[in-house]
Amino acid sequence: MFTSTGSRGLYKAPLSKGLLLVLNGLTVMLTLLPQYQELFVYNLQAVTQQHQVWRLLCGRLVCLDVKDSFCSSLLIYNFRVFERRFGTRKFASFLLGTWCLSALMDFLLAHAFQFLFDYEVEELPAGLLAPVFSLFVPFYRLIPRMPVTQVLGHIDITNKSLVYIVGLQLLTSGPFMWLLALSGLISGRLYHSNVLWLQKLLFVPAWVSCIGRYILEPVFSSSQPSSETPLGMGATLDIQRQQRMDILDQQLLLAQYNESTRNTRQQPQSGLLQWTRLFPSLRQRGQNRPPMQARPQVQPQPSTQSPLLDNSPVAEEQVALLVEMGFSRTDALEALRASNNDVNMATNFLLQH
């Protein structure tokens, strides 16, 4: 459903996991204890007229609406890619900076709305909503757009479409949610562009990061998913997709290679080109070959093997390179034919047999 970047789950995203657990837990508690919800109402009039400054903290952290909490949690889970890419400290600095900037933007936009339409905005939706909307700025600018499918032959569905749909659902969940969304987008744009050196003014100090690393990170850290194939994380989705395609191509060639091996074993041939001798195990290869003894070069002979193995000439330099690695010349020739003269793939073939 969401952008496929890196591992699934919350691996290497302790801050995102902590926000999801703590904020959603508080939302559930306030739902069960409605008498305490008044303390977490984001009331602008109470802040300006009654000087209840503490509402800027309580009213801008915990969602009182379960629907808002659910949508914002989905977005935080998707935006965990930025914590993996930039690191926990930089990700926390972005959230802190946009949280502070959006507090100022909320009052400026509320007064501008009152000046233009003569309507006073008393309350805004509670929760960590403006910083969540601010994350759409790096999401739009840094995550590449990759088409997935088409609807009705003209409408493209990309890897980012459903994320925008969830954001649109959150935007339309309240009458003044648009004000928080606009405040978050402006704050995210200012902080991401480092206007007036905001990234040097609003950031998480190093000592706070160290405390969180030794105290909070062990609590909210997640183990690496065991069901996934280990894969280097590319900087962009294109690189990650190319990595997966390379692995699939390699597995396909290896499967074809194994199939040709099985077919040849079912029809044994005379001479030197017998598959039972071509690819012995590494242990047998090391035991049967005397040290520092050169093997006689074998001239290629016509065979009835699969066209996959002899459809292209083999470069002598590549054969010599594999022989220097410790493989026999016969094994190197057959592996290079199977891999279409790809030395890396031929090495993998030889190591896996």
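The backbone N, Cα and C atoms fix where each Cβ goes, glycine too.
Curation plays no part in TrEMBL annotations; they are all automatic predictions.
If you check TrEMBL, you get these features:
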| type | residues | note |
| --- | --- | --- |
| TRANSMEM | 15-33 | transmembrane segment |
| TRANSMEM | 91-112 | transmembrane segment |
| TRANSMEM | 124-142 | transmembrane segment |
| TRANSMEM | 162-185 | transmembrane segment |
| REGION | 284-310 | region 'Disordered' |
| COMPBIAS | 296-307 | compositional bias 'Low complexity' |
| DOMAIN | 313-353 | domain 'UBA' |
Chain residues in Cβ proximity to the transmembrane segment (91-112) (below 8 Å; excluding those fewer than six residues from its ends, i.e. six or more beyond): 15-16, 44, 48, 56, 60, 82-83, 120-121, 124, 128, 130-131, 134-135, 138, 179-180, 182-184, 186-188, 190-192, 198-199, 202-204, 209, 212
Long-range neighbours of the transmembrane segment (162-185), counting only residues six or more past its ends (CB under 8 A): 1-3, 65, 67-68, 71-72, 74-75, 78, 98, 102, 105-106, 109-110, 113, 121, 123-125, 129-134, 136-137, 139
Predicted model, mean pLDDT over the domain 'UBA' (313-353): 78
